[in-house]
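Record features (TrEMBL):
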type: DOMAIN; residues: 10-245; note: domain 'IspG TIM-barrel'
type: DOMAIN; residues: 260-346; note: domain 'IspG C-terminal'
type: BINDING; residues: Cys263, Cys266, Cys298, Glu305; note: [4Fe-4S] cluster binding site
Amino acid sequence: MKDYRKKLKRDVRVGKIGIGGNFPISIQSMTNTDTRDVSATVNQIIKLEEAGCEIVRVSTPDIESAKAIKAIKEHVNIPIVADIHFDYKIAIEAIKNGADKVRLNPGNIGSAEKVLEVVKVAKEYCVPIRVGANSGSINKKYEHLPKIDALVESALDEVRILEKAGFCDIVISLKSSDVLETVQANRKIHALVDYPLHIGVTEAGTLYNSLIKSSSALGTLLLEGIGDTIRISIAGDPINEVITAKKLLTFLKIRKGVDVVACPTCARTNFDVEEVALEVEKFLSNIEEDITVSVLGCVVNGVGEAKDSDVGIAGVKDGIAVFYKGEIIGTYQKEKAFEILKEKIELIIKERRGDK
Ligand code: SF4
C-alpha cells in the first residue's frame, strides 16, 4: 500500500488510534443523535464502527452530553472525540468522562485562565485537542485577508494559544465548503507546521455533492501527501461517510480494499449489470483485502478487463462467462454464474489471507 506522505508530522494518540507520524490515515465520522440519548448514540456508533469508522466525534453542547460520554464509552470500542464550542467547563467534564480527544477552539472560550484549566486536564488525561478554522468561523481580525490566508491565520492563532499554555498535543483542521479553498488552505498549513492534519470539506452537502467535492479535494490532498485523518461530511446517514472514506483510501491505494469494476452498459449488455455489481459490492462490503472484481455486460472489453481483475463475469450470447485469474472458466446461466463468482471471490480472499 502507498503512503504519499513525505513530511513527517508529530503524532498524537486518540485512545487506541494514532494520528500523524507513521500511523496510517484514519477514518472519522460524527454521530447525528442526541448525545444525551446514550442508547441511540451507542447504536449509531456501533454501526459506524462495523462500517469501518475508526474515530467518532459526538456533539457535546452541554454538561449532560459530556457526562453521557462515560456511559457511551462502556459500549463502544472506537475512540470518541467531544465536539465543544465556547464552554471550557464542558471540555473539562468531557475529558474527565473519558473523551479521547476534544475539538475546541481555545480562542472561543474566553480567557487565558480558562484555556489553562482545559490544558491542565487534557495533559493529566493525555487527551489531544483538535483546533482549526472553518470558512464560516474565520477570526474577524483576518476577514480583510484573502480567504485562504484568513483560514490559515485563524487556525495558527488557535495553535499559538495552546502552545503558549505549554500544550502541543494538537491536531489541526482547516475546512471550507469550497473544494479549491480546502485544497489551498491545507497545502499552506501543511508547509507551515508539523502538527498532524485532519482534512475534510465542511458542509459538503448531500450524497452526490459530497462525493464529488470530498473526493476531488481530499483526493488531491492525499495524493500530495497531505492529511493524516479524514472525514467525508455528508448530509444524512453518517454510515455513507465511512463507506465513501474507505473507498477513497482504497482507490488511492492507501489501504487495502475491494474494487468492483462495472461497465456503464449499452446495447450489447446481456444482463442487469447494475443489479449484479451492487450485489457483488454488498457481498464484499466488509472485506479489507485487495481484490478486483469485474462485472461487464459483454465480452467486448471482457478479456482485457479480466486480465486486470482477479475474477469477473461478462455477458455472452448463451449466458454469462466467468473469468478467473485471466481465463474464462465456463459459461453459465445467471444464478450459477453468480454462485461461482462468489466461490472464486471467497477462494481469493482465503489466498490473500494466507488460509490453507
Ligand atoms: S462492456 Fe460491453 S456491454 Fe458493457 S458498455 Fe462495454 S460494450 Fe457495452
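FYI, residue positions are counted from 1 along the chain as it appears here.
Glycine is no exception: its Cβ is also placed from the backbone N, Cα and C atoms.
All annotation found in TrEMBL is predicted automatically rather than curated by experts.
Computed from a predicted structure; not experimentally measured.
Where TrEMBL records a feature, it is marked here on the structure.
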{"residue": "Cys263", "record": "[4Fe-4S] cluster binding site", "Cβ contacts under 8 Å, 6 or more apart": "Thr269, Val273, Val295, Leu296, Gly297, Asn301"}
{"residue": "Cys266", "record": "[4Fe-4S] cluster binding site", "Cβ contacts under 8 Å, 6 or more apart": "Gly297"}
{"residue": "Cys298", "record": "[4Fe-4S] cluster binding site", "Cβ contacts under 8 Å, 6 or more apart": "Arg268, Thr269, Asn270, Ala314, Gly315, Val316"}
{"residue": "Glu305", "record": "[4Fe-4S] cluster binding site", "Cβ contacts under 8 Å, 6 or more apart": "Val261, Ser294, Leu296, Gly312, Ala314"}
Sort the residues of the domain 'IspG C-terminal' (260-346) into helix, strand and coil with DSSP and give the three counts. 31 helix, 27 strand, 29 coil
I'd like to verify something. Among the binding-site residues Cys263, Cys266, Cys298, Glu305, which ones have a C-beta closer than 6 angstroms to some atom of ligand 1? Cys263, Cys266, Cys298
